[in-house]
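S.K.: Sharing a structure below in structure tokens format, with a few things to ask.
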Amino acid sequence: MDCVKLVFLMLYTFLCQLALSSSLPHLCPEDQALSLLQFKNMFTINPNASDYCYDIRTYVDIQSYPRTLSWNKSTSCCSWDGVHCDETTGQVIALDLRCSQLQGKFHSNSSLFQLSNLKRLDLSFNNFTGSLISPKFGEFSNLTHLDLSHSSFTGLIPSEICHLSKLHVLRICDQYGLSLVPYNFELLLKNLTQLRELNLESVNISSTIPSNFSSHLTTLQLSGTELHGILPERVFHLSNLQSLHLSVNPQLTVRFPTTKWNSSASLMTLYVDSVNIADRIPKSFSHLTSLHELYMGRCNLSGPIPKPLWNLTNIVFLHLGDNHLEGPISHFTIFEKLKRLSLVNNNFDGGLEFLSFNTQLERLDLSSNSLTGPIPSNISGLQNLECLYLSSNHLNGSIPSWIFSLPSLVELDLSNNTFSGKIQEFKSKTLSAVTLKQNKLKGRIPNSLLNQKNLQLLLLSHNNISGHISSAICNLKTLILLDLGSNNLEGTIPQCVVERNEYLSHLDLSKNRLSGTINTTFSVGNILRVISLHGNKLTGKVPRSMINCKYLTLLDLGNNMLNDTFPNWLGYLFQLKILSLRSNKLHGPIKSSGNTNLFMGLQILDLSSNGFSGNLPERILGNLQTMKEIDESTGFPEYISDPYDIYYNYLTTISTKGQDYDSVRILDSNMIINLSKNRFEGHIPSIIGDLVGLRTLNLSHNVLEGHIPASFQNLSVLESLDLSSNKISGEIPQQLASLTFLEVLNLSHNHLVGCIPKGKQFDSFGNTSYQGNDGLRGFPLSKLCGGEDQVTTPAELDQEEEEEDSPMISWQGVLVGYGCGLVIGLSVIYIMWSTQYPAWFSRMDLKLEHIITTKMKKHKKRY
């Protein structure tokens, strides 16, 4: 009996201990905790390292935070944020460090690789600063989930990743410069037979697509991978496939199956924009009854919407932009579940009445079509609309009040139409972008726009907006682009417009009626790239605080009344490419320091129509390093780049080829120097000949003297040369005939002498290029150069014809000559008969008489 009690007691104790042990969390092994702490200490915490995080599957934004900050020795690593342990053994089996703000090098011998029992590892959305992906990732033999996406890894994806045969999810997508050799791509698909999700977006694979995909695949993301060849039809018959992304592979040919796909019932998202769609959209598309998202932009589709697409009545996101589709927009009422519709850059026409039927819309982009008429004013059901883009159509009338009343509006773009009327007050408090430029809107800027907390883009240029710029604009502390140019604004520029906004990149207040001084203080650390204030009535000096604009690429203060000397300190803005101070009251000599880096990046320098004096700024001209290179690129023209040129094109007055014009975009190869209409004197520096990339040179209307430098022959891409209205002397260098790109030449009103060079380009210039130079000779002038054939003028030709065609004068001369000859002849005959003169003289006389008679007969025949 005692034995039974003893056994029972021991069993009871064991069960209690077992229950107690199962209820307590296991402490992770000390060596694994140490490995994690060592891993933590390899990186710093930087919020910018995870500044943009989102769920790759749903694209929903995720808030980043430093998970590793909570890691310390005083607690079990199983309780640390992002660390998950096996409930039985306490081993670390999962590590979730996505969006953890980690920054630093990821070393190949990282202590992380000591966690050999890991099954899930997520390091996405950090910044590992161009680290290589270590082959040791292939040693995690138990891994089922591996996510290294968007963490700034670079280089080749190691073949050892192909050893992870248990993987269900593999995400290695990044635009930092990852690549996967074609053989390893094929090996990966062959070995990872358990894959459910494969995401290699933006990895450079440069291969055809093998057909040996895992039959378990639900998600295949291969967008932007440089794939080519023909997509295997087997991909469409993967029975579990839910999401297929192949976008931005222009060398990839996609030929959809003509029969029903095995994935028809499961496929929910299909992204094939910017690929080569072969043939027409087949009827088999009609069976994609579960399809919610279809992206087929830039696929060279043309004509009406393919009929099979009209059967996709469950579609929620539809993108058919950048094609050649046409037809009335009203047909889209059939898609009642649509939340996002993009038909941008097609040929759709008609009105917007269909908006009354699509009440679920959240995002609508119909920009760059042929839509006409006003926007209907009786629409009331679009309370969920967040983004509305109708730019570059033929819409007119006033902007209806329901647009201003949208409670959730975030982005609005109605630019490049002919809308009129006033801009009403906005109800939405969540606006981030308002673009109404290039319309006929009038009135004042509504206060509701100036009180937005998240507004980043405000583009209202090229309208008839009037009034003062309210100081309330300084409340827009998140503003990046402010474009109010080409309106009727007046008054002064609010001092705080730049001072309070640390994010402002583009400031354009050009072509208004603004007055006063530029009294804004440009603070240290600002990120301004464009300042355009030209075409106003601004006075005073160029603010010295502009030297703090270290990122400035364009400064245009032209056509104002600024009264200052040359702001030489602007040369320390090493990003500056375009500097225009034209048509002001700037004066005095242009002085420069010995710093050879000043203005080295300038591509356009326009100081014309001022009062500058003294010699030409030889040292500054010698510093223009960018102009000392010739752009030999071929293909499409490249423009001076700007990260926001999708929204904004600066308007700058360019003087070239003898004309002024407003340039919206400036070619990267456009190198211009315009110092005309000043009081510069002295010689033209020969150092200008080193600026071999120069396209336009205008030094006209100064007091320059001396000779044209022979070094100008080096300006091999020069298209326009204007040296007119100076005191330049000497000859035109014959070497200039080698300038084969020269289209415009003006050397008029100087003191040039000698022969005009001959050549393909010089032979095309008229008198106006040389007038006012009395000492010049040669084509096209009437004065000849030595050794040239006589150039017969039209007047001389007329005179010759007149003399040749006068029968009276010619006939009288012949008669007089014949009469004299007859008298002399008779006398000679008499002497010959009387004196028996030699016979040879008689024969000569007869021959002479025959010649005269023959000429008379010919003259009679002519008339």
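Note that Cβ sites are derived from N, Cα and C of the backbone, with glycine treated the same way.
Annotations for this protein, taken from Swiss-Prot, read as follows:
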SIGNAL    1-21  signal peptide
TOPO_DOM  22-812  topological domain 'Extracellular'
REGION    24-91  region 'N-cap'
CARBOHYD  ASN48  N-linked glycosylation site
CARBOHYD  ASN72  N-linked glycosylation site
REPEAT    165-191  repeat 'LRR 4'
CARBOHYD  ASN191  N-linked glycosylation site
CARBOHYD  ASN204  N-linked glycosylation site
CARBOHYD  ASN262  N-linked glycosylation site
REPEAT    265-287  repeat 'LRR 8'
REPEAT    288-312  repeat 'LRR 9'
CARBOHYD  ASN311  N-linked glycosylation site
REPEAT    314-335  repeat 'LRR 10'
REPEAT    336-358  repeat 'LRR 11'
CARBOHYD  ASN378  N-linked glycosylation site
CARBOHYD  ASN416  N-linked glycosylation site
REPEAT    454-476  repeat 'LRR 16'
CARBOHYD  ASN464  N-linked glycosylation site
REPEAT    477-500  repeat 'LRR 17'
CARBOHYD  ASN519  N-linked glycosylation site
REPEAT    525-549  repeat 'LRR 19'
CARBOHYD  ASN563  N-linked glycosylation site
REPEAT    573-597  repeat 'LRR 21'
REPEAT    599-623  repeat 'LRR 22'
REPEAT    667-690  repeat 'LRR 23'
SITE      ASN674  site 'Not glycosylated'
REPEAT    715-739  repeat 'LRR 25'
CARBOHYD  ASN746  N-linked glycosylation site
REGION    760-812  region 'C-cap/acidic domain'
TRANSMEM  813-833  transmembrane segment
S.K.: Whole-number Å only: compute the distance from the Cα of ASN563 (N-linked glycosylation site) to the Cα of ASN519 (N-linked glycosylation site).
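M.R.: Given the Cα positions, ASN563 (N-linked glycosylation site) is 14 Å from ASN519 (N-linked glycosylation site).
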S.K.: Which of these recorded positions is closest to ASN204 (N-linked glycosylation site) if you go by CA atoms: ASN48, ASN416, ASN519, ASN674?
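M.R.: Of all the candidates listed, ASN48 is nearest in space.
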S.K.: Can you name the far-off residues of the same chain, 6+ from the ends of the repeat 'LRR 17' (477-500), with a Cβ under 8 Å from a Cβ of it?
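M.R.: Long-range Cβ neighbours of the repeat 'LRR 17' (477-500): 437, 445, 453-471, 506-523, 526, 528, 532-533, 538, 644, 647-648, 651.
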S.K.: Quickly jot the same-chain residues contacting the repeat 'LRR 21' (573-597) by Cβ under 8 Å, restricted to those at least six beyond its ends, or write none.
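M.R.: Here the qualifying positions are 529, 534, 542, 546-547, 549-567, 603-617, 619-620, 622-623, 626, 640, 652-653, 655, 666, 674.
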S.K.: Check the DSSP secondary structure of ASN262 (N-linked glycosylation site), expressed as helix, strand or coil.
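M.R.: In three-state terms, ASN262 (N-linked glycosylation site) counts as coil.
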S.K.: Mind giving me a neighbour count for ASN746 (N-linked glycosylation site)? Other Cβ atoms within 10 Å of its Cβ, every protein chain shown.
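M.R.: Step by step: centre on the Cβ of ASN746 (N-linked glycosylation site), count other Cβ atoms within 10 Å, giving 20.
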S.K.: So, by DSSP, how many helix, strand and coil residues make up the repeat 'LRR 22' (599-623)?
M.R.: 6 helix, 8 strand, 11 coil
S.K.: Give the residue from the glycosylation sites ASN311, ASN519 that has the most other Cβ atoms within 10 Å of its Cβ, counting over every protein chain displayed.
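M.R.: Answer returned by the neighbour count: ASN311.
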S.K.: With a Cβ cut-off under 8 Å, give me the same-chain residues at least six positions beyond the ends of the repeat 'LRR 9' (288-312) that come close to it.
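M.R.: Distal contacts: 247, 261, 264-277, 280-282, 318-327, 331, 334-335, 342, 344.
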S.K.: Hey, of the recorded positions listed (ASN48, ASN674), which one tops the CB count within 10 A?
M.R.: ASN674
S.K.: In the region 'N-cap' (24-91), how many residues does DSSP put in helix, strand and coil?
M.R.: 23 helix, 7 strand, 38 coil
